[in-house]
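These features come from TrEMBL:
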TRANSMEM  21-45  transmembrane segment
TRANSMEM  57-78  transmembrane segment
TRANSMEM  151-177  transmembrane segment
TRANSMEM  183-202  transmembrane segment
TRANSMEM  265-287  transmembrane segment
TRANSMEM  324-353  transmembrane segment
TRANSMEM  374-394  transmembrane segment
TRANSMEM  400-424  transmembrane segment
TRANSMEM  444-467  transmembrane segment
TRANSMEM  473-492  transmembrane segment
Amino acid sequence: MDSGEKRLNELGYRQELRREMTLFKTLAISFSTMTLFTGITPLYGSSLLYAGPASLVWGWVVVSFFTWFVGIAMAEICSSFPTTGSLYFWAAHLAGPRWGPLASWCCAWLETIGLIAGIGTQAYAGSQTLQSIILLCTGTNKDGGYFAPKWLFLCMYMGLTVIWAVLNTFALEVIAFIDVISIWWQVIGGLVIVIMLPLVALTRKSGSYVFTHFEMAPESTGISSKPYAVVLSFLVSQYSLYGYDAAAHLTEETKGADKNGPISILTSIGIISVFGWAYILALTFSIQDFNYLYDTTNETAGAFVPAQILYDAFHGRYHNSAGAIILLFVIWGSFFFGGLSITTSAARVVYALSRDQGIPFSSVWRQVHPKHKVPSNAVWLCAAVCILLGLPILKVNVVFTAITSICTIGWVGGYAVPIFARMVMAEKNFKPGPFYLGKARRPICFIAFLWICYTCSVFLLPTYYPISWDNFNYSPVALGIVLSLIMLWWVLDARKWFKGPVRNIEIPNEKV
């Protein structure tokens, strides 16, 4: 019997999903969920504007450092609990019988909200990249190019979401194969962009500009406080450096999951930390005219700073935009693969929560496709909610800011519950897996928990001043309403019947 399946049985679950994922395939999905381009590209322009290049560049290093604490804490828990429910399951068992149901309830819903919103961030940013590709292909903003209106933007958003759902309805090996392509796409594509972009650019910024120049733009952002500007400039890094828990969602389908799950988590963080910083440096060194990047009359309509950097580099040297379009397509592919992987993870969390009767109409969402052995109903539920999240695109200009904040707070906030429970639980009640921290677990978990709390807090802050309906970060309102309803449901009803993960195997030893 596989070591992961054996541990799954010890935890009270029988093997239902097909266990055929190798370490490399699991790593590919985890890496694709984090992705090299999808976090950095859409927020690069705004983060650069807040405080200039130095804060952006060194912010990645600082955030990467603290991300390792979160990843190491989660790797230890994953090694002990290799289940599809991952964070939700971990929270239930680590918090103990008294607090376990509440912990798993909060964690499950935070994670579900974060992952479904995560699909939306990929669909939005992918549509934004496609919008720039269409604009450059049809003649640029200055030469009568076609800039997709809001209704077409929404159609692209919905189209990507539906395509991801269709692909996730097929057998898991199809997704795994696509994600293997994804990791090579991003590694090779990332190397090409990181190496080629500074070489193609006619001029390059100096090292002192990239690493030491601090520049605020209060006339554009309304922010005059230096500390506040620095905090906001870190958002691009905090948004980019999560998603490594995707490997944990697939542990019931991964061979040797108690070992390969933690390896995938930590390897994903390592690869993204290095490649992400290199990508930021390549973009920043290649800037030709800082102020022109945000000019609404420039070739990309001032809508997408990385697209303008690519255009300036290739048009400046070759007098055409073909190279920029090709590299934008590479970046778009990264959004496509990232959205596909996040859809996979979101469906697994909905399936696990439904299996334990923690969501309305659980009997529907927990059904597994009889032939493909994937939770297809859960896949389509995630897609439908994601499409609903995107509908305000037609009327609201800050949809991406709100979806990004909801995604980050829900997703990263879900990490905090099991990490805190692991930190305070009695060590005698924990059965370690192959990856075990020993006495180091408390300081590591403590730093990880504080960092998560800080990350969630900053994504609730206003990003522009003075605050108006056009720039209002409505994520605190949206999250407040949703989380209040979820907790009200708990107080009035769910606490009476929801007990957390429901075992489908009777086990004699209760130490899990």
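Just so it is clear, glycine is given a Cβ too, placed from its N, Cα and C backbone atoms.
Bear in mind that TrEMBL entries carry predicted annotations, made automatically and left uncurated.
If one looks beyond the transmembrane segment (400-424) by at least 6 residues along the same chain, the residues whose Cβ comes under 8 Å of a Cβ in the stretch are 42-43, 70, 73-74, 76-77, 87-88, 90-91, 94-96, 99, 103, 106-108, 110-115, 117-118, 120-121, 124-125, 128, 238-239, 242-243, 245, 389-390, 430, 441-442, 445-446, 448-449, 452-453, 455-456, 459-460, 463, 473-475, 478-479. When Cβ distances are compared across the two stretches, the transmembrane segment (265-287) makes no contact with the transmembrane segment (151-177), since fewer than 3 pairs at least 6 residues apart fall below 8 angstroms. Contact counts against the transmembrane segment (151-177), taken as Cβ pairs under 8 Å, peak for 374-394 among the stretches 57-78, 374-394, 444-467, 473-492. Sequence-distant neighbours of the transmembrane segment (444-467) (same chain, 6+ residues past either end, Cβ-Cβ under 8 Å): 46, 66-67, 69-70, 72-73, 221-223, 231-232, 234-235, 238, 401, 404-405, 408-409, 412-413, 415-416, 419-420, 422-423, 437, 473, 475-476, 479. Residues 102, 105, 109, 113, 398, 401-402, 405-406, 409-410, 459-463, 498 of the same chain lie 6+ residues outside the transmembrane segment (473-492) yet bring a C-beta within less than 8 angstroms of a C-beta in it. Counting same-chain residues at least six beyond the ends of the transmembrane segment (57-78), those with a Cβ under 8 angstroms from any Cβ of the stretch are 47, 86, 90, 94, 210-211, 230, 233-234, 236-238, 241-242, 244-245, 247-248, 251, 261-262, 265-266, 269, 273, 276-277, 280-281, 284, 415, 418-419, 422, 432-433, 435-437, 441, 444-445, 447-448, 451-452.
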